[in-house]
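A.B. asks: My structure is below; once you've seen it, I'll send some questions.
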C-alpha cells in the first residue's frame, strides 16, 4: 500500500526513527517461496516400482498347515497414502488445513554482504544474543509466513481472473473472500477481523490511478478493458503482522517495458535493503534504474518516471505505515534501516508527470490513535468509533467493510470523526489523465543474520 510523502513533499523525511518491529531471527534456510499446492502423494516405494502389490499378492496365497487345514496369511499391503490437501479455485481451503503440522514456507532468504563490517557477527556475546532471540520469535515468523502464503495463493488465483470484462467489484470480492477463507476468519463477529484477515482494502488502480482506489457500495461499476493497465495491491495480516505486496497486469504488449521498468526498480530496492542501509542511497538507486527505461505508447516514446509523491514504508504491528519511508527519487535524509525492521519496498512508474494529486471519491479510512477522542460528542460518532475500535483497530478499512459487519447510517458520524482528526480519510491518488502507472511491491523482514523477502513467489 503506497505511502504519501509527508506534507506533499517530493522527498523522504528526516523524522525520528520508528519503533522497532519485533525481529524475526530464525537461522537462515534455503529459499522456498511456494505457490499453490499441486499434486498428491504418490503410492510408490523409493525405487518407483510397484513391488508392494506383488508382495501383497504372494502373501494372500492360501497354504496348507501340517494338520491339513488351510491358513490364510494376513495381507500386509499398506493402505494407500492419503492425498495431500489441495487448494480450490477460487481459493477457499483454510491455509492451516493445507499445512497441517507442517511449517509455512519461507520467503526468499538473502544473506547480507560478508564484506560489510557492520553486519558481521563475531563476538560470543552477539552469538548468545542471536541464540536467545531465535527461540523468542517463532510466533512472529510463523505469522508472517502464514500471511505470505495466503497472499501468494490468493494472488495466483486473482491473476487467472483479472482479464478484460471483469468488474472491479467482482475482482475485489474474490480477493477479499479468498483471504478471509484462507486465514480462517470471516471477520463478521466482533473482533474477529483483528485476529487475521485483510491488512487494508484491496487497491485496484487502472491507468493513471496510482494508488488508493477500491470499489465502493452504490458507485458506478468499473469494468476492465483490453488496453487498461491494472495494479492490484492488497495486504494480509495474521495477528497484526501485515504482508503488503502488489503487482501490475496489462494485456497490450506496448506496456511491457513499463512493467519491466517498475519490477526492476522494486527488485533494486530489495537488493539494496538491509541493516544500516541508507534511505537516500536506496532511493537514488531505485530512480536511476526506473528512469533508464523508455516506453513506446501509440508510437510515441515516453520516459518512465518514478513517482515523487509516494514512497515505500516500514510496517508496524497493526499499522501498515510506520514513520520510516523509502522514496523512489533522489532525496536527502539521515534515516537508515535497522535490525528488526519490516519494510514494504514498492515502486511506482508513470508515463505522466511523475506526481500524484488527490482525486474525487474515498478509498478508505483509518483510526488515528494519536488524537484524543475527548472532542467526540455526537452519539452516532461515538457508536461508529466503538465499532471501528472493536473490529479494525488501526488497520485501514473501507465502506464495504463497515457495511459487511452491519454498520448502517454511518456517514454523519464518519464526517464528525474525520473533522475531529480521530479518523483519517484516504482519497484515490492520480497522475495526469491519459498516463499509465504501474506498481510492484514486496515485504521484506530485516532479520539479524539475513533478510527475508517474505512475499516473494514464483510469479514475481
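The backbone N, Cα and C atoms fix where each Cβ goes, and this holds for glycine too.
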A.B. asks: Looking at the divalent metal cation 1 binding annotation from Swiss-Prot, with 233, 244 already listed, which candidate in 441, 452 is the matching residue?
C.D. replies: 441
A.B. asks: Per Swiss-Prot, what member of 272, 284, 339, 346 joins 244, 313, 441 in binding divalent metal cation 2 at one site?
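C.D. replies: Site partner of 244, 313, 441 for divalent metal cation 2, according to Swiss-Prot: 346.
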A.B. asks: Other residues near the divalent metal cation 2 site, CB within 8 A of the CB centroid of 244, 313, 346, 441?
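C.D. replies: Neighbours found: 1, 2, 3, 233, 245, 246, 312, 315, 343, 344, 345, 442, 443.
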A.B. asks: Distance check, please: Cα of residue 313 (divalent metal cation 2 binding site) against Cα of residue 244 (divalent metal cation 1 binding site), rounded to an integer number of angstrom.
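C.D. replies: Just about 10 Å between their Cα atoms.
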A.B. asks: At the Cα level, what's the spacing in Å between residue 321 (substrate binding site) and residue 441 (divalent metal cation 1 binding site), rounded?
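C.D. replies: It is 14 Å, counting Cα to Cα.
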A.B. asks: Tally every other Cβ atom lying within 10 Å of the Cβ atom of residue 321 (substrate binding site).
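C.D. replies: Total other Cβ atoms inside 10 Å, all chains included: 22.
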A.B. asks: Distance check, please: Cα of residue 441 (divalent metal cation 1 binding site) against Cα of residue 212 (substrate binding site), rounded to an integer number of angstrom.
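C.D. replies: Spelling it out, the Cα of residue 441 (divalent metal cation 1 binding site) and the Cα of residue 212 (substrate binding site) are 14 Å apart.
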A.B. asks: Compile a sequence-ordered list of residues in the same chain as residue 346 (divalent metal cation 2 binding site), six or more apart from it, whose Cβ lies below 8 A from its Cβ; state 'none' when nothing qualifies.
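C.D. replies: Residue 346 (divalent metal cation 2 binding site) has long-range Cβ partners 2, 244, 246, 266, 269, 312, 439, 440, 441, 442.
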A.B. asks: Does DSSP give residue 313 (divalent metal cation 2 binding site) helix, strand or coil?
C.D. replies: strand
